[in-house]
């Protein structure tokens with residue numbers, strides 16, 4: 001069986017449909033930028049001090065901004081400037097970045113998820129969401145970006161690790177592509193990802209237990225009780241601290257991920273952003289048979305109120321996600 005490239009896969013999906021062709025071109029440019037970012041990441045300490053914080057600077061969400069965060073955004077702006085993208089919303093920029101005034105889509109990105117791990121050689125990545133754009137319907141670019149996640153045409157994430165991997169969905173299942181250095185192309189590795197419905201593995205930053213709501217504490221306590229507790233089975237706990245790395249593990253072998261809100265200042269709604277982290281992750285998760293909520297409400301049903309809005313996130317194996325909701 002011959003290998004299927006990302007371009008061939010996108011061309012077959014898009015056909016002659018103008019909007020689909022715009023989406024396909026956008027995904028190709030995102031993948032292109034991802035390769036450039038992966039090459040920078042791979043140089044590690046041999047390159048500039050990419051893990052260095054930019055003085056007292058913070059991004060639009062208030063997080064410390066590192067050199068590679070900014071460089072990754074620049075790579076994406078350059079690549080998407082050659083795609084039919086009207087506006088780009090980024091974690092690193094306060095307001096939408098205008099690109100093609102005649103663009104058919106808008107894109108929201110986290111240019112470099114997990115950048116706190118830059119210096120430790122842990123997998124990091126890029127998360128993206130693609131939404132339809134109509135100038136007459138959305139003369140304000142912010143309004144175009146504040147569509148619910150269910151309106152996404154495509155979404156996905158790139159992982160910069162031992163392999164450079166693209167996990168994406170065009171609304172017809174979730175696919176995994178791997179970058180082949182010999183041919184300089186992304187090759188289809190898994191055509192239909194299916195997240196197992198049940199799991200014995202969860203991921204959460206357990207050091208924050210004292211700050212959690214009682215519902216979150218009870219769920220984790222029941223998991224820790226193992227086969228002798230109410231769950232009747234032993235659980236493993238895995239936590240990388242890089243959303244794309246934790247997500248790819250779930251897409252590979254199942255599991256559930258929790259980033260709840262807690263009682264710390266600034267953490268009432270967690271730390272993840274709705275439109276460029278939770279929404280795209282929820283989209284590819286559901287397309288792979290999983291589920292994604294804020295603890296109780298389906299992520300893709302939530303109406304965004306602002307571009308950098310935060311949201312608690314629970315996603316992964318659908319039976320476990322549903323079980324977690326029963327605690328709230």
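Here the Cβ of each residue, glycine as well, is placed from N, Cα and C on the backbone.
For residue 110 (Mg(2+) 1 binding site), the same-chain residues 6+ apart in sequence whose C-beta sits under 8 angstroms from its C-beta are 90, 91, 126, 127, 128, 273, 276, 277. Secondary structure at residue 110 (Mg(2+) 1 binding site), taken from DSSP and collapsed to helix, strand or coil, is strand. As annotated by Swiss-Prot, Mg(2+) 1 binding site applies to 91, 110, 112.
Positions annotated as Mg(2+) 2 binding site by Swiss-Prot: 110, 113, 277. Sequence-distant neighbours of residue 113 (Mg(2+) 2 binding site) (same chain, 6+ apart, CB under 8 A from its CB) are 124, 125, 126, 127, 157, 242, 243, 244, 277.
Residue 205 (substrate binding site) has a Cβ environment of 13 other Cβ atoms inside 10 Å. Residues annotated as substrate binding site in Swiss-Prot, with sequence analysis given as evidence: 113, 114, 115, 116, 205, 257, 258, 259.
Long-range Cβ neighbours of residue 259 (substrate binding site) (same chain, at least 6 residues apart, Cβ-Cβ under 8 Å): 204, 205, 243, 270, 271, 272, 312, 313, 314. Taking the Cα atom of each, residue 257 (substrate binding site) and residue 112 (Mg(2+) 1 binding site) are about 19 angstrom apart. Taking the Cα atom of each, residue 112 (Mg(2+) 1 binding site) and residue 258 (substrate binding site) are about 20 angstrom apart. Note: residue 114 (substrate binding site) has non-local neighbours 122, 123, 124, 125, 240, 241, 242, 243, 244, 245, i.e. same-chain residues 6+ apart with C-beta under 8 A of its own C-beta.
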